[in-house]
Amino acid sequence: MRYCRELMRRPSITPEDAGCQQWLGERLVAMGFDVSHYQDKGVSNLLASFDERPAQLALAGHTDVVPPGDLSRWQTPPFAATLVDGMLIGRGAVDMKSGLAVMLAAVEDHIACYGLPKANWQFIVTSDEEGEAEHGTRTLVERLKAQSRLPKYCVVAEPTADKQAGDVIKIGRRGAISARLTLKGKQGHVAYPKNAVNALHMAARVMQALEALIWDEGSDDFPGTSLQVTHVDSGAFTDNIVPGSCEICFNIRYSYRYSEAGIMARIQACLDGLSLGEDAISLRWERGCQPYHTQENDEQSLIAQVEAAIFEVTASFPRLSTSGGTSDGRFLSSPQTQVIELGLPNRTIHQVNERVELAQIVRLYRIYRALLTRFHD
């Protein structure tokens, strides 16, 4: 609990780190880790491991948090890390400073009980997860790949649980990509429609065509692909003017069965099929995020190991899920690295009065302790 509050009291609003990683690094050095700090365009990153071998197990997380919002709506100051009636309240209580603190405490106590593991362990920490995520985990993974030091297994402390720590784990995430589509018509007077080209009518055709696209329906452990229009703008409203331009924004969440290039090609083919004219459509893609999916190959898979640790502590198995938004798991996952996300109940993430029960922090700590014993050798 002391570690949770130590991190939460540092106002590390993305991409600021506010000294969190310096404090983490000092604790890790005391345990025998070799720690490296990196700064990249205002982002703080940390890599720690026992030696230069590729890690058997990596523990990953982020020190940055989202802004607290309206301070007057908080029950307690958002960076005071206040304890009230068995709850820890403050920004980062769930997402994800308590998760990082649990990882740190679990490793520290494991070493105190069993000594240093024979396997190499690793910490991968960034302050650029809640923001653009361009200069954080992505760059750390690139550094490890260049050194042939990608970990075999990686557990991310993202808040994945529903009601109790360990009841849900993430075994992947859908990919995501946004698009900004501009349609060019011809402005005119509504009384003379033959002299105008209504860009909103063009937009209606486009949206109807996009909605009619058939995607995969998903599976038991992976939601299907979904396209949602998020914004339509035809400029300032005047009821006697035919709009000459219109902007449509949409977002696609897609399964690992698709590639980003495949998604783009399918949307372009759909637009080309409308024959609106080459100069009538301008399409710009934004904020692409790749999907990832970890599969259970055998008894030594990371899923099996995490399930066994959870069962040891809770006497129940977790639900395997890929729901929710994107995470840094997409950067960590590779043919060399299996990734699982395991954390606290996520009901209050990014909310005013973000909070977590102390009992859930203890429960998650016990799960991580059980997991670490499986990677000692």
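Every residue, even glycine, has its Cβ placed from backbone N, Cα and C.
When secondary structure is read from DSSP and collapsed to three states, ASP64 (active site) falls in the coil class. Applying an 8 A CB threshold to same-chain residues 6+ apart, the list for ASP64 (active site) reads SER12, ILE13, THR14, PRO15, GLU16, ASP17, THR126, SER127, ASP128, GLU129, GLU130, GLY131. Positions annotated as active site by Swiss-Prot: ASP64.
Within 10 Å of the C-beta atom of GLU129 (active site, proton acceptor) sit 27 other C-beta atoms, taking all shown protein chains into account. As annotated by Swiss-Prot, active site, proton acceptor applies to GLU129, with the evidence given as sequence analysis.
In the shown protein chains, 33 other C-beta atoms lie within 10 A of the C-beta of HIS62 (Zn(2+) 1 binding site). Summarising the annotation, Swiss-Prot assigns Zn(2+) 1 binding site to HIS62, ASP95, GLU158.
Long-range Cβ contacts of HIS350 (Zn(2+) 2 binding site) within its own chain (separation 6+, distance under 8 Å): VAL66, ASP95. Swiss-Prot lists ASP95, GLU130, HIS350 with the feature Zn(2+) 2 binding site, giving sequence analysis as the kind of evidence.
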Counting other Cβ atoms within 10 Å of each residue's Cβ, which of the binding-site residues ASP95, GLU130, GLU158 comes out lowest?
GLU130
